[in-house]
């Protein structure tokens, strides 16, 4: 019913009409007609298949993005938005300094509040990628007038980059096989516990952005090898630069790429695209990496980076020889040339390497990475590396815990990769196998293996689901006599399998089985995230006998006590585990902290902790100590306190022959 | 007797390989003469870059490595432009089947972009 003031579809106002007259029905009828036509067009609105597929894909990706972010927020919801563990507090402190003082001050910062009396050249001994990333996010948000605190930006950096990593996994999976694989890879990587362990909200550590940079570099490199374009190679070089700025694990990239190139050269799958990709990525990537002060000249002086340089020179020789072969028509002439060149090149290369190693110009593999090749090395020679709990060899239960069904799907994925080998699948095979080997050596490196395991398992899942769905959608074959003979002939020739009886039902059952497995995986991942990887180590929770939850905030109370009740220039001695937290929250000078760059200093502190009171007092007077911080877990049953560490590692680190300091 | 056999044998091998080398050189020369002028220009550019790099290394051997970052940036800029020149040559060469659908303008634009990034980094690294 038209009322006064309401306009009809014709634009005529109802006020002009008298009530109950026939002209009223005309505009309302016209309005109803227009509504009907609109409704019918909506009903008949049908997307084309391509558009449907695009809509589904985008919807799935958006949901994956949100899921990857949301499932990492357990500790924020349970406790508060607080930074976890120990190392992230140093990163938070440096990010705070960066946002307050600016990039120039940050890059040239000498910190006199840690490692008293030595101090620490922070600008030259850290990987700035994480801090710069968080600072940029903070400045962007501030520019958009969102008044966020830098602490919240730091806490939520890791989940944000985890979502981005899932997106990169989608593109990588698409590059390796097809879009279905990409989607499965994205969802696997979004919830896989191996990755969640180091990227929960609050875990503000280098790995948060480093895994994103790692996967991005690998994706861009594979894209460069597949397309042979210099633009993608430049992208890969920038990805490598981001990785070098973010984490010491870039060594993995700079050694994996030469191995991949060597495998391709040896198996005869080389092409001009490989040369373009590797050479440009190596040169530009190396130059960019040398801009980070902490890395410095290592790309030309360190033994760990020599594989890349060796393969670079090998590649130049190899492709030069190929070029000559193509120019010359005559194989005999070419053989002679080949002999001369190869012996000359190998000789010169070997000579240069031997001279470099002998004169000590090329430093040998450092202990940190040598212990990956020889797992027993650290225990004998560098106990401080062996003492870190994350550096222990991996038990099989950790693989099951962190990967669940992916550990079974990994070999299946390898089978599918080998079945149709391309440059991309060879890369992911090499990445998967090498990273799994290193994951077996050190628990911490399960994180590096996770993207490879997710991608290869995604290939397995996607290929299986695809095959099963194809079987389900097959129309029942209509048999005529001619068709049977043709089919028999064809199957006799190619050995193709006949359609099995109950094929459709079998495929349906298998699909249900796959669904069951994947649902279980989802439950497992959520349970693991909730139970194991969401504790902020700085706040502990326990259940009393009457079921009430009790929160222990002792760490933070102690640090804030230090901040409020001690003079600003007080020096605090503690075991190095707590150094970062004391400087970040207590804002006092510490003697040793988690950077562990000076083993002698740490051994001195350990000696002070292990001696009787009189000797300890002398050592502490020497170090100018005002306060001692000791963690004692006897009252609450906290099991990893200083007494526990004293029993295991302090003495071992102390008794290294190089670290016994004479007390005058 | 053994001596004479030995000497005659090596002389024969050397003569054979000398002849081989001469044949090789003439064959390479005639094959190279057929390459288009465009590619020859790129080759000149690459060789120029490499020669400059060698000169810098020899200079470093004479006067020492300080400041190392300047030496590295000089050598790597020469090596880098040579490598990028070789990449451009590969992409522009009409004889390469892989790059037939890549327009040479795109290849050159990529080349220029990579060189730009390379030299910006070099300028930052020179110190």
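Each position is counted from 1, following the chain as shown.
Positions of Cβ are set from backbone N, Cα and C atoms, glycine also.
As annotated in TrEMBL, transmembrane segment covers the listed stretch A:399-417 rather than the other ranges in A:399-417, A:456-474, A:475-493, A:532-550. On the 0 to 100 pLDDT scale, the domain 'Oligosaccharyl transferase STT3 N-terminal' (A:57-456) averages 90 in the predicted structure. As a summary of secondary structure, the domain 'STT3/PglB/AglB core' (A:571-631) carries 33 helix, 7 strand, 21 coil according to DSSP. For the transmembrane segment (A:306-324), the residues of the chain that approach it from at least six positions outside its boundaries are 254-255, 257-259, 261-262, 265, 270, 272, 275, 278-279, 282, 286, 299-300, 334, 337-338, 341-342, 345, 349, 353, 362, judged by C-beta separation under 8 angstroms. Sequence-distant contacts of the transmembrane segment (A:54-75) (same chain, six or more residues past either end, CB-CB distance under 8 Å): 47, 82, 84, 158-160, 162-163, 165-167, 170, 179, 183, 186-187, 189-191, 196, 199-202, 525-526, 529-530, 534-536. In this chain, the transmembrane segment (A:240-263) lies apart from the transmembrane segment (A:179-196): fewer than three C-beta pairs between them fall below 8 angstroms, excluding pairs fewer than 6 positions apart. Simply put, out of A:179-196, A:208-234, A:399-417, A:208-234 has the most Cβ pairs sitting under 8 Å from the transmembrane segment (A:121-141).
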